[in-house]
Amino acid sequence: MPILFDCNAIASQVLKDEASALLESVGQFQKPNDLEAIVKLILKSQENGGKLVIVGVGKSALVAQKIVASMLSTGNRSAFLHPTEAMHGDLGMVEKNDVVLMISYGGESLELLNLVSHLKRLSHKIITFTKSPNSSLSKLGDYYLSLKIQKEACPINTAPTTSTTLTLALGDVLMACLMRAKNFSQEDFASFHPGGLLGKKLFVKVKDLLQTTNLPLIAPSTSFKDALIEMSEKRLGSAILVNEANELVGVLSDGDVRRALLKGVSLKSEVRHFATLKPKSFKNLDALLLEALEFLERHKIQLLVCVDDHNKVLGVLHLHQLLELGLKA
């Protein structure tokens with residue numbers, strides 16, 4: 001099917017319409033509004049063990065779930081409640097000190113209107129996001145932020161586009177205010193995202209990734225040939241020279257191997273003659289991965305050999321492991 005219109009022109013118009021709505025919404029925060037009162041309300045709720053319950057139906061339900069996810073990721077207790085399910089038992093999830101945010105662009109959603117009276121009966125404070133303070137829903141609520149827009153960005157001015165973008169943005173406004181009020185830090189964020197890059201930088205330690213088995217350990221008297229076999233089998237690009245007490249003596253790196261081959265060293269030669277003796281080693285297993293990476297890059301080595309206070313080999317960590325995690329010094 002041929003496309004008989006300019007996709008780029010539509011893309012430009014959609015983004016301009018949505019950007020304009022966001023900029024116009026700034027105006028509501030340049031005159032008296034409920035934002036500060038809402039932030040204080042949520043903070044007081046949290047102090048008393050409560051949470052922010054966010055309600056929406058249709059597209060607003062999906063936006064509500066995203067706002068819940070953002071709140072949780074920044075240390076703010078939150079939960080999504082579907083209004084229909086609430087009327088059939090899920091209302092029990094709304095606890096004594098909870099605050100409720102109800103999202104409805106038009107503010108006339110019957111599902112939400114039916115739920116409001118039950119929430120008010122239980123003495124819950126209601127925040128509303130709608131297009132007008134005169135909507136039925138906002139009249140029943142206690143606090144209000146505006147979703148007013150000039151038009152939806154879709155070609156027929158009907159599908160939720162600009163309105164859902166603005167709703168997401170207002171959710172971000174609440175989240176940002178709560179973060180600032182609680183002095184939420186990068187360390188706090190990382191604690192809620194241990195699997196993310198920041199979490200790895202701030203929380204994962206050397207001992208958490210240390211390889212302690214199947215190590216390429218060889219004696220200083222090992223032949224060049226046998227050392228190459230050991231390096232090939234263990235796939236770390238190096239071999240570790242240890243004495244009978246398992247104390248670190250040296251490291252045979254791939255660079256040592258290349259230099260030996262260029263010099264024509266016999267495969268029968270003992271590796272102690274051309275390996276790196278008294279290599280750099282690492283003792284602090286409680287160090288963060290970023291510190292380990294900085295150590296490797298500072299000394300221009302690829303294998304972090306970890307030893308105890310008696311210089312006995314405990315395990316290794318390879319530079320590639322850290323780089324694969326996305327770490328950068």
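Heads up, the Cβ atoms here are built off N, Cα and C, so glycines get one too.
Look at Swiss-Prot and you will find Gly56, Val57, Gly58, Lys59, Ser60, Ala61 tagged as ATP binding site, backed by sequence analysis. Annotation comment: Swiss-Prot describes 38-184 as domain 'SIS', evidence class sequence analysis. According to Swiss-Prot, the feature domain 'CBS 1' maps to 211-267. Annotation source Swiss-Prot lists domain 'CBS 2' at 270-329, citing sequence analysis.
Structure coloured by features recorded in Swiss-Prot.
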residue: Gly56; record: ATP binding site; CB count, 10 Å: 26
residue: Val57; record: ATP binding site; CB count, 10 Å: 19
residue: Gly58; record: ATP binding site; CB count, 10 Å: 14
residue: Lys59; record: ATP binding site; CB count, 10 Å: 16
residue: Ser60; record: ATP binding site; CB count, 10 Å: 26
residue: Ala61; record: ATP binding site; CB count, 10 Å: 18
Tally of DSSP helical, extended and coil residues in the domain 'CBS 2' (270-329): 20 helix, 17 strand, 23 coil
PLDDT averaged over every residue in the domain 'CBS 2' (270-329): 90
Tally of residues which DSSP labels helix, strand or coil - the domain 'SIS' (38-184): 70 helix, 22 strand, 55 coil
Cβ within 8 Å of the mean position of the Cβ atoms of Gly56, Val57, Gly58, Lys59, Ser60, Ala61: remaining residues of the chain near ATP: Leu62, Val63, Ala64, Ile103, Ser104, Ser109
